[in-house]
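Student: This is the feature table in TrEMBL:
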- 1-20: signal peptide (SIGNAL)
- 28-161: domain 'Beta-hexosaminidase bacterial type N-terminal' (DOMAIN)
- 165-424: domain 'Glycoside hydrolase family 20 catalytic' (DOMAIN)
- E321: active site, proton donor (ACT_SITE)
- 544-597: domain 'Glycoside hydrolase family 20 catalytic' (DOMAIN)
Amino acid sequence: MNLKPLAFSIALLCSVPTMAAKPNTDLQLMPYPQQVSLTNSTPLVIDRHFNAQLTGFTSPRLISLVERLNHRIERQTGLFLTTPIQTKNQTPTLTIDVKAPAPTKVQRAKEDESYQLDVTSKQAKLTANTPYGAMRGIETFLQLIQSDTNGFNIPTVTIEDSPRFPWRGALIDTARHFIPVDVIKRQLDGLASAKLNTFHWHLTDDQGWRLESVAYPNLQEKGSDGLFYTREQIKDVVAYANSLGIRVIPEVDLPGHASAIAAAYPKLMTEVQDYQIERKWGVHKPLLDPTKPEVYKFINTLIREVTELFPDEYIHIGGDEVDPEQWNNSAHVQRFMKENNLKDALALHAYFNQRVEQILKRHKRKMIGWDETYHPDLPKSIVIQSWRGHDSLGESANDGYQGILSTGYYIDQAQPAAMHYRNDPMPKPLQVNDVVAEGEQWQTWAFSAPRKKGSPVTGTFTLITAKDGTQRGFIDYKGKSRRAIFDIQSIKGVTQFWMDSLMGKTMPKVVLKDGVLTGDMQVGNANYPMTGKLIAASNIEGSQYPTAPEPVELKQKQQDRILGGEITLWAENVKYDTLELRMWPRSYVIAERLWSDASITDEDSMYQRMETMDDWSTLSVGLQHQWNSIVGLKRLANGHDIAPLQVLSEAIEQAQYYHRHHEKWVNESYDQFDPLNRLADTLPPESLEVRTLTQKVNAFVKDPNNAALSTDIKAMFQRWADNTQAVMPIIASNHLLTQVEPVVQQVDLLSRIGIELVDIIQSGKKLDQKQIITIKQMIAKAKPIQDELIVAIVYPVETLLNHAY
């Protein structure tokens, strides 16, 4: 996120109309439309006389859409519209021609959201088959508004557009930390602006029950700390979402994640005892007892209440992370399993889900659940939401089940937007040739990378060297399908490559010497120590070439079962006043992956357009991600100007992946009451300034005589070095920043080293061994996580070092 002057500019790069099957990305739009035809005609003027007219089907919802359009234009431009609704004597600026009403009263998972937008110098026309298409087209129209020296206008363009996937959603967890209704509604505005059509409302978990129940009032009285949504509030949110063309799917987690239920009704649990709301994060013991008739009566009544509030055809039952300890230790549960030929806890879980699915069916609802709910005895009407990844999603699709992907879209993890962008919902075949040809050499290395929480990351990777010396390879994580690795390099004796995994972008940097592997596995922007050994090779007698499952590959019929994906925002590290900083603007990036053509993959274009969305969503939509950061910084600044903290923030990042969770675990603060008031909580998921620096450094080391690059790089380093004097008084004034002081010192030191390294590289000189060792020690000291922060400039400085000797 950049807090910069707000401006919208569009490069009209085409002098003649162009139309192509694969859209360009010339316009500042996100998600990018399927087909775009630009001309160089005079733009359509947007001024105070703007007005819109509904010319086809109309309804209260469409009239509300026009009113919202007018309000958005006023907010986006600062204009006062004199006659926003077209009168008989006016020529409308925009006509909206909706051909027919929505085919059903309740929005379905698959609707016609297509539209066509034609803009000439005199008028714009939006045509859609349904109200949903008109809603999506209006967002494109608003994104097209630009400002130049002549005023506000829209380029002359023809757009034909429709979504690639029908299910494009976002999960917001309001159970772990309660989120007020006004914040939820604002996120719905954001979802609509990104052409997302599903709000997955996570309402229950171990830390809270947020759904008012009439039949079971103890749920909110004993399971919510008084923080829950009344039935009227829920109806209001659902109605508001409907006005935006957004479905609302409630999630009521069963049979695990049930501590809040246990606190309210302990007799429903397998182990009956007094329970409290769980304050710590993680997987916990309370489990509903699948042998008790009163449990199914409870669920039936709850589902009836839920259907009164949520009209969508689907209800999410959770079903994930079931710790079977209570079931395994219960004599009566074990007896029940034996009587019903249920061989283990997995079979009992499947039995429970079958009973729940029948209850849903009686209430005319379909089941959706996480990977753990999948079982061949469940009907094909259920939808599997996958957190385990493409393997699980593909297997269920091959077995006839529809599915949606959330792996790779977990925005509670800080991750680079590029990682989300590369993550397509459609399972892909192996992206590398893993067959060794005659004359090629190979080595397989086993590795282990311990984490601060959870089991070590283990597996093997194999490097194949072709006759011409080029390398390719793959990695076999334990229990996962084979994955390609990319950009294999040997830099100063260190072998490195990268791949995307469940953890995000992962980059081993290892020394492979005398059969021993040592080094680090960089996950996101932080490192795990990595060790291992050579276990097989083409030149070692008796070696067996590694085998592993291939990624699931789907035929067209099975591909049609992949409905799309959902952004996932769990709330362990999120509260109401930091939520938007996690969601926006990068949710537009994921929305583009779900809406736009699969060929739209240019990451530089994506980042450039995401920065435009950063400001546009603040101005037009009213999202508060920029304000979230400013407020957090003001709290830390203790009355000082926040500008020095903002400059410091350019050079650092919050620790990505789940590193922050693991730090809290180690420090025994992994719970509901850990304050989210650190500097890390004010930062966006990645520093775009560090991304820019990295790109410039990578270009510079290839072209060290490029004076423009060296000047730009040194200017960035100088900015951060000069900031030290201004930021240190702020650091000294607030106890919350005490642990940040070493970070400031390292940013200062690395910035000054960076400037010197640029000069050395440009001069053609080389560092001596003593200098190399000293700088390596400084870099090593700056790499670890400090107060949940990473000194992100350490990596481009390391690149400079590697080219300075």
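Here the Cβ of each residue, glycine as well, is placed from N, Cα and C on the backbone.
Small disclaimer: the values here were computed from a predicted structure and weren't measured.
I would like each feature placed in context: is it buried or exposed, what are its neighbours, and how far apart are things?
Tutor: In three-state terms derived from DSSP, E321 (active site, proton donor) belongs to neither a helical nor a strand segment and is classed as coil. Long-range Cβ proximity for E321 (active site, proton donor), meaning a same-chain Cβ under 8 A and a gap of 6 or more residues, is found for G256, H257, V283, E372.
Per-residue pLDDT, averaged over the domain 'Glycoside hydrolase family 20 catalytic' (544-597), rounds to 97.
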Student: What are the DSSP helix/strand/coil residue counts across the domain 'Glycoside hydrolase family 20 catalytic' (544-597)?
Tutor: 18 helix, 8 strand, 28 coil
Student: For a three-state summary based on DSSP, what are the helix, strand and coil counts in the domain 'Beta-hexosaminidase bacterial type N-terminal' (28-161)?
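Tutor: Tallying H, G and I as helix, E and B as strand, the rest coil: 32 helix, 38 strand, 64 coil.
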